[in-house]
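Taking it in order: structure first as structure tokens, then the write-up.
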Amino acid sequence: MATLDKFLSIKENDEKTKKKESKKKSSKSNKTSESLVSHDHFELTPEFENQLWKVADKLRKKMEVHQYKYVVLGLIFLRALTCRFYERRKEIEEELSNPNSELYTEDPELRKMILEDEDFYLSEGVLYLPKETRWDYFVENVMSPNIGEIIDTAIEILEEKYPDRLKDVIPKIYAQSPLDNHDYSYLINKFSEISFGKEHRVKDVFGRIYEYFLGKFTEVEGKLGGKFYTPRSLTKLIVDVLDVKGGSIFDPACGSGGFFVSALEKLEREGIDINELSIYGQDSDPMAYRLTKMNLIIRGAEGDIRIDDSYHDDKFMDMTFDYVVANPPFNDSEWDANRIKPDDPRLRIGNKKVPVPPNGNANYMWILHFIYHTAPNGKAGFVMANGALSAGNVEGEIRKAIIENDLVYGIVACPPKLFYNVSLPVSLWFIRKEKPDYMKGKVLFINAKNLYKQISRRQNILTEEHIKKIVDKFRMFESGEDEDKINELGFAKVATIDEIAKNGYVLTPGRYVGVKIEDDGIPFEVKMKEYSEELKKLLDEEEKLRNKVKEILDALGF
């Protein structure tokens, strides 16, 4: 961090200039800034989130969803930058006023100099914002007919000041959008209510809001929006099973960066500095790059995120990672398999060369990609369409090679409807390059199909209890616990590679965990009598309905 010595030197050489600048400060701007520092009474509730969404959703009358999504998320991001700036500013002010702090000074001019020095912000991962880029400047000019241009200009200033972090991150679409100053006023005034306080850190508040809006846009857009968004319960489950700590994490289909967020949150829960985790991501969609970068910056993190096709232009070809995570496109077809060269290093499992996956389905190209990028002592966890568990032909040959090389250490069959508007059943795969001796030749299968909470007609989620139940089984397996304690009929089973081979190298958990039959203590004869009586009632009811329909048709002359 910068020190007072630097500023004492600056003060001696430039005191007159600083005095002139201080006179230019208006009481109005100071008051505006002060009002944005914090609101200790602020509380982020589901009701408040819903209010924000209703405000944003009114734009749907003027713009398509895929357009106004970026208008809204961009404004939330700009609001977050300002709040984080003022949050850090308040921290500096407290240090300057604290006699026990190294920054303590009673010199008002020196205090002003320090408050405007960007080193004191950047050292804590906070961007120093020029006045024209702060939210309060937007508020002051909110009724200006060129407010859209003011916002775009602010974005350009930030890009020029921080090209490595912000170049092409925030869409400059505000001047060209069909929204007028009244629309922007409506949004800006409502988003101004989002604040922070001692109990509500900026990155927590805005991280939650950003995630909430991503989820809501996914609901509205359906499958189109879903390609950017992996349900939070799934990203958390995978990150927890992998037990992500420090090191490197890579997502080659990063979408909006959900896996990175879950990893960062896990580190913070465990008291680990988030800077201990190096983040790498790739996606073929430029908008995914923007969403991920904004998602990370809001949370005070940075990442090496690149744009291109992971199949054919792997931007991290020479790198392996401690953790590989992903939710790739399911059953992607026409992916130009013919462009994969025979000597592609991804087409090798151990000492065995495997064929190129079929052009009609890229699932196994993704799996090979994940394995290739997993470090020798690393782990991978990813979402995959259920078809990959049992696919035959070339895919079956690749799966056999993966299993025989003892790379799979866990498979979880997921409950239905975890993805909004996507009914395709999915499973989670977990890969390890090097297993401990007690795990070698074994795979943990978990059937979690009935482990869910329904939150709407279209969507289910995994609760914290569900996630813990699954993670606990993996912890037992990885710690060498007795298999009799791990195995649970109908839910979990540690199977050997020999067992899997006897099942044709199929990885469907249901093949191994068995079926749990509940005994309610009622004798079979009693049950059959009840069922027979119920069936007779239903058949009688059917006959009555048939006669009723016939009467109606006769009356109508049919």
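Cβ coordinates come from backbone N, Cα and C, glycine included.
Taken residue by residue with DSSP, Gly258 (S-adenosyl-L-methionine binding site) is part of a helix. Non-local contacts of Gly258 (S-adenosyl-L-methionine binding site) by the CB criterion (under 8 A, 6+ apart in sequence, same chain) comprise Glu211, Leu214, Tyr229, Thr230, Arg232, Thr235, Asn295, Asn327. If you look up Swiss-Prot, you'll see Lys227, Phe228, Tyr229, Thr230, Pro231, Arg232, Ser256, Gly257, Gly258, Asp283 marked as S-adenosyl-L-methionine binding site, on the strength of similarity to another entry.
The compositional bias 'Basic and acidic residues' annotation in Swiss-Prot covers 8-18.
As annotated by Swiss-Prot, compositional bias 'Basic residues' applies to 19-28.
Sequence annotations record features per position, and here Swiss-Prot assigns region 'Disordered' to 1-37.
Taken residue by residue with DSSP, Tyr229 (S-adenosyl-L-methionine binding site) is part of neither helix nor strand, so it is coil. Summary for the binding-site residues Tyr229, Ser256: the Cβ-based neighbour count within 10 Å is maximal at Ser256. Sequence-distant neighbours of Pro231 (S-adenosyl-L-methionine binding site): residues of the same chain at least 6 apart with a C-beta under 8 Å from its C-beta are Leu418, Phe419, Tyr420, Ile461.
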